[in-house]
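Annotation comment: Swiss-Prot describes 33-53, 77-98, 113-133, 178-198, 226-246, 288-308, 320-340, 347-367 as transmembrane segment. Per Swiss-Prot, the feature heme b b562 binding site maps to His83, His182; the stated evidence is similarity to another entry. The feature heme b b566 binding site is assigned by Swiss-Prot to His97, His196, with similarity to another entry given as support. Taken from Swiss-Prot, the feature ubiquinone binding site applies to His201, supported by similarity to another entry.
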Amino acid sequence: MAIIRKTHPLAKIINSAFIDLPAPSNISSWWNMGSLLGLCLIAQIITGLFLAMHYVSDINSAFSSVAHICRDVNYGWLIRNFHANGASLFFICIYLHIARGLYYGSYLYTETWNMGVILLLLTMMTAFVGYVLPWGQMSFWGATVITNLLSAIPYIGDTLVQWIWGGFSVDKPTLTRFFAFHFILPFAIAAASLVHIVFLHETGSNNPVGINSDADQIPFHPYFTFKDLLGFIILLLIIIMLALLSPNLLNDPGNFTPANPLITPPHIKPEWYFLFAYAILRSIPNKLGGVLALLFSILILMLVPLLHTSKIRSATFRPLFKITLWILAADVLILTWIGGQPVEDPYIIIGQAASILYFLIFLVLMPLSGWLENKMLNRD
């Protein structure tokens with residue numbers, strides 16, 4: 001008798017992707033991040049759907065509707081806390097996923113890597129428009145400041161900003177369209193994730209030693225399904241603890257005040273997961289230069305495969321590259337800290353130094369470390 005998972009047209013696809021998929025036997029817990037991102041995306045879509053049932057995208061009612069969800073809707077407070085903190089965990093998993101890709105040389109699967117960068121941009125866009133929806137002070141002013149950056153684009157900038165706003169300032173049309181974008185983009189992310197997985201399955205997964213693993217592979221199920229399940233349990237424990245014990249730990253207190261166009265907050269800042277990019281944006285005094293630096297701080301990831309000079313793939317056997325990556329990790333943490341500080345000395349100069357170092361690592365230190373390691377390997 002034929003096994004249905006191997007013969008049914010739909011089951012066959014699932015079987016080849018999640019059950020009989022040959023996977024390297026030595027992939028570590030760093031390879032759990034992809035499945036955790038899938039879990040985060042599903043959780044965000046489900047909680048977001050329930051929130052959308054009660055949310056009102058009108059500037060007079062948006063703030064009150066969020067309060068209504070938390071006070072009057074059955075378990076509304078829990079759904080809202082899950083959704084808000086789920087975004088933070090989503091980005092933690094994304095950054096760890098990217099870090100793993102950089103560390104183990106997974107970026108050499110260029111199509112998968114570039115699709116991942118597009119996914120990162122889509123996710124950042126979704127999170128940004130979502131942050132505007134509660135219509136608190138930080139939502140309103142964050143939307144005003146970030147959308148205003150587009151006015152730096154020569155010739156079409158001002159027209160583009162007014163087109164996005166739907167008027168001459170951030171107002172009712174802006175909120176309505178941001179809600180529409182926030183609803184549709186996660187489905188675009190889900191579709192792009194499938195493309196990401198298709199590209200990955202063309203080449204097969206990388207592994208910690210960065211060599212061909214064809215000779216030593218095991219089926220994805222049961223080995224990695226159970227390994228992923230452990231990751232799921234840990235992630236769910238973290239989000240439950242966050243949502244129940246400290247739901248506002250990662251929120252900005254400014255967003256507990258309804259949006260007021262007449263009062264500018266003393267310090268406008270985005271959510272913590274955008275602070276590193278925000279610090280790079282602020283470190284350049286020129287508006288257009290800042291916008292380009294902000295964009296390039298993400299798009300520079302697409303250059304990583306092109307700037308790979310080493311004969312070895314994984315950082316496991318690359319001491320200089322390892323040091324470079326840990327400097328990058330420290331630099332991103334410094335930028336995150338600077339992004340949350342006011343624009344005054346000594347933060348300005350620290351931010352500028354950290355921003356220069358960020359680009360220097362990608363454009364100079366990474367290729368240089370590979371070149372030096374090749375020299376070391378070629379010694380008699």
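Glycine is no exception: its Cβ is also placed from the backbone N, Cα and C atoms.
Considering only the binding-site residues His83, His182, His201, the residue whose Cα is spatially closest to the Cα of His97 (heme b b566 binding site) is His201.
Sequence-distant residue pairs (6 or more apart) of the transmembrane segment (320-340) and the transmembrane segment (347-367) include at least 3 whose Cβ atoms are under 8 Å, placing the two stretches in contact. Annotated pair His182 (heme b b562 binding site) and His196 (heme b b566 binding site), C-alpha to C-alpha distance, rounded: 21 Å. Long-range contacts of the transmembrane segment (347-367) within the same chain, counting only residues at least 6 positions beyond its ends with a Cβ under 8 Å from a Cβ of the stretch, are 279-280, 282-284, 293, 296-297, 300, 303-304, 307-309, 321, 324, 327-328, 331-332, 334-335, 338-339, 341. Among the listed binding-site residues, namely His182, His201, the Cβ with the most fellow Cβ atoms inside 10 Å is that of His182. Contact check: the transmembrane segment (178-198) against the transmembrane segment (77-98) gives fewer than three Cβ pairs closer than 8 Å, residues 6 or more apart, which falls short of the contact criterion. Counting Cβ pairs under 8 Å to the transmembrane segment (77-98), the stretch among 33-53, 113-133, 226-246, 288-308 with the most such contacts is 33-53. Counting residues 6+ beyond its ends, the transmembrane segment (288-308) has Cβ neighbours under 8 Å at 98, 102, 105, 107-108, 110, 113-114, 117, 120-121, 124, 149-150, 152-154, 276-278, 280-282, 355, 358-359, 362-363, 366-367, 370 in the same chain. Taking the Cα atom of each, His83 (heme b b562 binding site) and His196 (heme b b566 binding site) are about 24 angstrom apart.
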